[in-house]
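*Asks:* Sharing a structure with you now.
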Amino acid sequence: MIILDLLLAITVILVAIRCLYTPNLAESVVLFIVFGLLIALIWVRLQAPDAALAEVAIGAGLAGALLLATLSQLQHTQDDQPKPIVLWSLSIPLLLGGALALSLMSLVQPAPGLSDMVVTNLSASGVEHRVTAVLLNYRAWDTALELAVLMWAWAAQRALGPSLSWHGVRLQGQVLVYFTRLLVPLLALVGGYVLWQGAYAPGGAFQAGALLAAALILAFLVQQTELGQSPPAFITGFIHNGWIKVLWLGGLLAFFGVGLVGLLAGFGFMGYPPAYAGQLILIIEIAATLSIALILAALFTGEGRRYE
């Protein structure tokens, strides 16, 4: 397995270099998606399946779709004056990476960290999976702020949206249509399973939200293909409906609402009563899943743009 790890490490570095230095932006986007998949494999080798799922769903999948959508808005996708790979520009990151690797190899034994404390208090966390306990109980503040970052990302895109023109993806034939009719219900089912499974095994709101967002994006593309409308009214109108936008904030509101419940119950803000911790975490995860799905889909479909 050491050979596999070395091959993964070398391949990731080579793909990253090519992604940065290729003169073709389309090739760069594809290589970025490949890079995300390779990083997910590395997380699997590091026995971190939660991070691997998130990387595949968001880092490679949704981020790749967003980059492809952005690529369609650029007038020039080819660098007329490509920059050659300069060895001295690679020397600093290579030296830093080598020094970090040597430092890690010189450690006699790894630091204990907080793993023992997490396991000791797991029964009072409301879930059986350690990663979920950390993300939604012990360090719930961090996860709440991640949802806020998603909202900021949408706000930044919205500030640019009216001046952009999204050409979309118009595919001929019925392959995409039939494929989507099969895949959208399956994505919804798997998303619900991943959400529920997060309490016991790798999974949770971010992975489930990315799957539901993928279903919405597929439906968006199919509506363009079938109707040829400009803009595709139903999916875009649904995602950006005023009442639906309340669900965009559902994850944050659930976090702070549950946090206030803990405060009023005498456990401090974001402190859950142990007897109801599981139910409260489930409420947060459902709300966060819907928020993540709608925001990620909204980033792709846009609002207030000129559709052509």
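Numbering starts at 1 and runs along the chain as it is shown here.
Using the three backbone atoms N, Cα and C, a Cβ is placed for every residue, glycine included.
TrEMBL: automatically predicted annotations, no manual curation.
Sharing the features that TrEMBL gives for it:
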- 11-75: domain 'MrpA C-terminal/MbhD' (DOMAIN)
- 176-295: domain 'Na+/H+ antiporter MnhB subunit-related protein' (DOMAIN)
- 6-21: transmembrane segment (TRANSMEM)
- 28-46: transmembrane segment (TRANSMEM)
- 52-74: transmembrane segment (TRANSMEM)
- 86-108: transmembrane segment (TRANSMEM)
- 175-196: transmembrane segment (TRANSMEM)
- 202-222: transmembrane segment (TRANSMEM)
- 243-270: transmembrane segment (TRANSMEM)
- 276-300: transmembrane segment (TRANSMEM)
*Asks:* Under a Cβ pair cut-off of under 8 Å, which of the recorded stretches 6-21, 175-196, 276-300 contacts the transmembrane segment (202-222) most often?
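*Replies:* Comparing 6-21, 175-196, 276-300 against the transmembrane segment (202-222), the winner is 276-300.
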*Asks:* Looking at the domain 'Na+/H+ antiporter MnhB subunit-related protein' (176-295) alone, can you tell me the average pLDDT?
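*Replies:* In the predicted model, the domain 'Na+/H+ antiporter MnhB subunit-related protein' (176-295) has a mean pLDDT of 81.
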*Asks:* Within the domain 'MrpA C-terminal/MbhD' (11-75), count helix residues (DSSP H, G, I), strand residues (E, B) and coil residues, in that order.
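*Replies:* Grouping H, G, I as helix and E, B as strand yields 55 helix, 1 strand, 9 coil.
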*Asks:* Out of 28-46, 52-74, 175-196, 276-300, what stretch is closest in contact terms to the transmembrane segment (243-270), meaning most Cβ pairs under 8 angstroms?
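*Replies:* Comparing 28-46, 52-74, 175-196, 276-300: 276-300 has the most Cβ pairs near the transmembrane segment (243-270).
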*Asks:* Report, as numbers and ranges, which residues of the same chain sit near the transmembrane segment (52-74): CB under 8 Å and 6 or more residues beyond its ends.
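*Replies:* Hits for the transmembrane segment (52-74): 25-26, 29, 32-37, 39-41, 43-44, 164-169, 194, 202-203, 206-207, 210-211, 213-214, 217, 296, 299-300, 302.
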